[in-house]
Amino acid sequence: MADQKMKGGTVSIMVLIFLVLSATFHGCFAAIGQVQPPRKRNTVVNGFGSSVFLTVSGNVYPLGYYSVTVGIGNPPKPFQLDIDTGSDLTWVQCDAPCTGCSLPRDQLYKPVKNNFLACKDPICAALHSKAHQCTNPNEKCGFQVDYADHGSVLGAMLSDNFPLRLVNNSLSSPLLAFGCGYRLQSRSPHPPTTAGVLGLGKSKASISSQLSGMRITKNVVGHCLSGQGGFLFLGADFVPKSGMTWTPMLQNSFDKHYSSGPAELLFGGKPTGVKGLDVIFDSGATYTYLTSKVYQTVLNLVRKDLSGKQLQDVKDKALPICWKGAKSFKSVTEARKYFNTFALSFNGASNTHLLLPPEAYLIVTELGNVCLGILNGTEAGLGTGNVIGDISLQNKLMIYDNENQRIGWASADCTRKLR
Ligand SMILES: *[C@@H]1O[C@H](CO)[C@@H](O)[C@H](O)[C@H]1NC(C)=O
Ligand SMILES: *[C@@H]1O[C@H](CO)[C@@H](O)[C@H](O)[C@H]1NC(C)=O
């Protein structure tokens with residue numbers, strides 16, 4: 001989903017980035033700390049496929065999203081897309097004409113007549129999982145995506161070239177299916193800031209699945225996000241051979257998300273009584289959402305831990321729960337000493353911990369207050385799902401390995417510039 005993402009009114013257009021990778025790239029994984037032995041040794045590196053590597057910009061606060069710039073068309077035009085592991089469909093704002101589009105007209109995607117995807121296309125079927133029927137197999141494939149609590153987009157499916165520089169130095173320009181969105185509805189007060197969404201989910205329609213179907217990359221998605229952007233890759237070339245903590249990816253036919261579980265919640269290394277949590281990893285959500293009861297537990301733990309300390313409750317429009325210190329905070333680093341580390345312990349295996357230190361659940365606002373970046377998912381209408389959003393995915397190399405049905409992470413310095 002793309003929660004909290006449709007924010008701000010400014011649009012920054014970045015130059016099309018064709019990243020050329022050199023051997024020095026592998027240096028980035030030297031930054032991985034907290035090395036834990038991999039639980040299972042699966043190799044995905046053999047056989048076909050190269051990888052695509054993209055620079056990510058963005059932050060959790062104040063921006064609220066992470067994006068990459070990709071070229072579409074021939075000649076390619078750059079589009080800034082919100083990276084979203086919580087949804088499958090890639091779409092761009094469309095010159096169709098469009099209602100609700102936020103970009104100037106010359107920056108919209110202009111559909112080419114014969115590019116429309118036919119209803120009979122398997123990708124169209126994948127988008128309409130339930131009872132997909134075509135009255136005429138050659139009719140256009142329409143789509144509609146409803147994001148968890150931030151509006152919807154409706155449009156037509158097309159295919160066009162996505163010129164990509166692969167890490168083996170080949171140029172590839174596959175025809176990929178994506179959505180041209182011409183009816184955008186935003187429930188937040190702001191129109192979308194990015195040109196669209198890069199859908200990185202599990203279904204056949206996602207970009208990673210399409211590239212893997214064409215044997216260009218393995219169906220592996222990785223990202224590394226920080227306060228100053230980071231990077232994203234598709235393919236298996238950058239999966240570290242060691243140092244990753246892996247958990248099995250849950251395979252529910254009703255849940256197309258990247259999810260793992262059950263997990264137990266720890267606070268300061270101690271049990272909290274919260275067990276059996278299934279969590280969804282969603283780079284399209286800015287914050288982390290827990291179901292009402294778990295959220296209440298987290299709130300109680302944090303508050304209890306703060307009693308007798310110098311922090312006071314304060315109202316801040318950034319988030320529902322905030323505190324102020326004796327002096328205003330300049331960064332989370334200054335505030336972190338008042339807080340403890342949460343952890344999700346998967347499968348009861350003591351080694352499989354996803355650590356959530358204070359900087360993985362707090363922000364410091366423009367007013368210098370520190371706020372809780374864990375929200376009440378029940379209130380946000382997320383049902384029974386617990387969603388791990390960008391705030392908690394920072395400073396980690398996260399890998400969604402669809403080839404081996406596992407999700408892995410390792411602490412990493414995601415800001416390391418790769419030259
Ligand atoms: C790079 O990888 C792609 C996709 O697997 C492949 O088609 C291409 O031939 C490779 N190029 C080189 C130079 O190995
Ligand atoms: C979470 O939201 C639900 C639905 O709005 C509400 O009933 C519940 O009290 C909230 N929980 C907490 C701890 O605020």
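Placement of Cβ uses the backbone N, Cα and C atoms for every residue, glycine included.
Taking the Cβ of Asp84 (active site) as centre and 10 Å as the limit, one finds 28 other Cβ atoms among all the protein chains shown. According to TrEMBL, the active site annotation covers Asp84 (among others).
DSSP assigns Asp282 (active site) to coil in the three-state reduction, placing it in neither a helix nor a strand. TrEMBL lists Asp282 (among others) with the feature active site.
The domain 'Peptidase A1' annotation in TrEMBL covers 66-410.
As annotated by TrEMBL, signal peptide applies to 1-30.
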Would you mind giving the whole-number mean pLDDT across the domain 'Peptidase A1' (66-410)?
93
Pairwise Cα distance for Asp84 (active site)/Asp282 (active site) [Å, integer]:
7
